[in-house]
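Inspection log for the structure reproduced underneath, given as structure tokens.
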Amino acid sequence: MVHLTGEEKAAVTALWGKVNVDEVGGEALGRLLVVYPWTQRFFDSFGDLSSPDAVMNNPKVKAHGKKVLGAFSDGLAHLDNLKGTFAQLSELHCDKLHVXPENFRLLGNVLVCVLAHHFGKEFTPQVQAAYQKVVAGVANALAHKYH
């Protein structure tokens with residue numbers, strides 16, 4: 001559960017309505033893989049991840065980034081029940097994929113940076129603070145199975 005004020009919730013929702021999920025998803029996942037190269041081990045089947053350009057232009061990275069942001073969108077629609085919303089994904093990432101839960105926090109922070117880059121002055125300190133709460137809540141929900 002994420003505790004947002006009415007203003008914060010409105011700001012998150014308003015900005016998210018302008019997000020190009022295809023573009024931002026691929027960019028966020030790509031940046032995660034470039035900045036934290038050890039995360040690439042979870043994506044062996046994605047082909048060429050040998051350079052930043054290869055990662056950022058990889059169609060499988062872009063497609064999976066879109067899928068990740070689709071799940072994030074579901075979370076935004078269920079902020080009062082993030083653990084329930086992400087229960088299956090938490091189980092998958094814990095039991096089958098063995099993804100360290102810290103990676104969820106890293107991806108959330110990268111997503112905030114990508115949103116700031118795309119929205120510039122519209123991504124005010126107040127909007128950033130609200131999004132930090134949301135990505136922390138999502139990361140916590142995804143890590144729930146690990147506890």
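Numbering starts at 1 and runs along the chain as it is shown here.
Note: Cβ is positioned from N, Cα and C throughout, glycine not excepted.
Feature list (source: Swiss-Prot):
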MOD_RES   Val2  N-acetylvaline
DOMAIN    3-147  domain 'Globin'
MOD_RES   Thr13  phosphothreonine
MOD_RES   Ser45  phosphoserine
MOD_RES   Lys60  N6-acetyllysine
BINDING   His64, His93  heme b binding site
MOD_RES   Lys83  N6-acetyllysine
MOD_RES   Cys94  S-nitrosocysteine
MOD_RES   Lys145  N6-acetyllysine
- Which ones, of the modified residues Val2, Ser45, Lys83, Lys145, have a Cα no more than 10 Å from the Cα of Lys60 (N6-acetyllysine)? Ser45
- Message: Within the domain 'Globin' (3-147), count helix residues (DSSP H, G, I), strand residues (E, B) and coil residues, in that order.
- Response: 119 helix, 0 strand, 26 coil
- To what whole number does the mean pLDDT across the domain 'Globin' (3-147) round? 90
- Item | Residues that sit under 8 angstroms from Val2 (N-acetylvaline) by C-beta distance, when 6+ apart in the chain | Leu79, Leu82, Lys133, Val134, Ala136, Gly137
- Query: Going by C-alpha positions, which of the recorded positions (Ser45, His64, Lys83, Cys94, Lys145) is nearest Thr13 (phosphothreonine)?
  - Reply: Lys83
- In whole Å, how far is Cys94 (S-nitrosocysteine) from His64 (heme b binding site) when you measure between their Cα atoms? 18
- C-alpha of Lys145 (N6-acetyllysine) to C-alpha of Cys94 (S-nitrosocysteine): distance in Å? 7
- Message: Neighbour count first, Cβ atoms within 10 Å, every protein chain included; then name which of Thr13, Ser45 tops the list of modified residues.
- Response: Thr13
